[in-house]
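Database features, via Swiss-Prot:
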BINDING   ILE18, GLY60, VAL61, GLY62, LYS63, THR64, GLU65, ASP256, GLU321, ARG393  ATP binding site
REGION    139-158  region 'Disordered'
Amino acid sequence: MSAMTPREIVSELNRFIIGQDGAKRAVAIALRNRWRRMQLDEELRHEVTPKNILMIGPTGVGKTEIARRLAKLANAPFIKVEATKFTEVGYVGKEVDSIIRDLTDSAIKMVRSQAIDRNRNRAEEMAEERILDVLIPPAKNNWGQNETPAEPSSARQSFRKKLREGQLDDKEIEIDLAAISGGVEIMAPPGMEEMTSQLQSMFQNIGGQKQKPRKLKIKEAMKLLVEEEAAKLVNQEELKQEAIDAVEQHGIVFIDEIDKVCKRGESSGPDVSREGVQRDLLPLVEGCTVSTKHGMVKTDHILFIASGAFQVASPSDLIPELQGRLPIRVELQALTTNDFERILTEPSASITVQYKALMNTEGVNITFTPDGISKIAAAAWQVNETAENIGARRLHTVLERLMEEISYDASDLNGQSITIDAEYVSKHLDELVADEDLSRFIL
């Protein structure tokens, strides 16, 4: 679990997301509270439950991006799901319990990766010995068994030195590696993914682990052997328990498009994908026990962050019980022209930086001037105002249109420098932006 302070978390998010300080502060405090809770004594820790968050704001203002960046910062089991993918229990489709199963799977993967990293040094030594055994086969005794000499031979030491220095990287050897099972591919009916994954695991375990000889270059063989030896050093039962503990104590679930499962107005008849889904989410958010193939998982201390545009529905259209379980409300603001300018220049991997790097691969040097950036931002904002407002995503559309000619001719422009200023932007975009019909369909 990350021990970053709220100020450090916000500072890190500022590198990628412009504005939305309220949302950043809310997720930063929620993340820090996870760490604070773990410092309490066990009795009080059990009583402290996470304060779930509801993020409200139009599309393209950074809700999903905050979740994506938070996942990397958290160093904790994290999953992002779309509320629209689930249906009420009893109907064909994914049940909400699969959220916790997927979260547990991601935790298993994360914990296994950490365990392999911890054992990497020992695994590298064992892999090195296996390669040396192939290069210099050990002597055998009268019973045909390998003899372990008291001291390694000078030839073995010489090969070890060459191996570590990379002199043997391109030499090809034949070595026994664990055979990768092709498995049995089972097409999962909707809502039965859990059962089919268990069947696949059962078929894969039949016959046990087999060794298969493969011819590889030493450099490639070393990588595969290190992974194989590290996996042997990992205790699978301990790994499962560690992953379940990580999910229960530090897990974070981000539910996007929560507004799409709101019941709008009075309607009769079954509402499979809306109110029923909300009711199924209630026990997860409140705290229940979910059965997974790795064991039982309690959801009492999992943090839930829900988000939605709420353009047609409003947060009050959520069922009252779910509203009560999302106590922290954060409203994200629509983006202005100034925000667009900052989005184009401030993030460490902004869209303009990406385009410069892409064109640089063809030997074309692109320069964006401040007035050019302002003009692009103004064009994107104007199209958002006249057509559908899709927030920062509009910048991708506008820039792609602006760079189309350069991208097409880039291979013929090797060694040239192109400056994108206000005049260049006006020449390529003004006509499209001014014509509402054209901008609606092209930008």
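Quick reminder: no glycine exception, Cβ is built from N, Cα and C everywhere.
Sequence features annotated in Swiss-Prot and their locations in the structure.
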residue : record           : DSSP (3 states)
ILE18   : ATP binding site : coil
VAL61   : ATP binding site : coil
GLU321  : ATP binding site : helix
Around ILE18 (ATP binding site), how many other CB atoms lie within 10 A of its CB?
21
Other than its own, how many Cβ atoms are within 10 Å of the Cβ belonging to LYS63 (ATP binding site)?
27
Give the number of CB atoms, excluding that of VAL61 (ATP binding site) itself, located within 10 Å of its CB.
26
List nothing but the one residue from GLU65, GLU321 whose Cβ has the fewest other Cβ atoms within 10 Å; the candidates are the binding-site residues.
GLU321
Quick one: largest C-alpha distance among ILE18, GLY60, VAL61, GLY62, LYS63, THR64, GLU65, ASP256, GLU321, ARG393, binding ATP per the record, in angstrom?
34
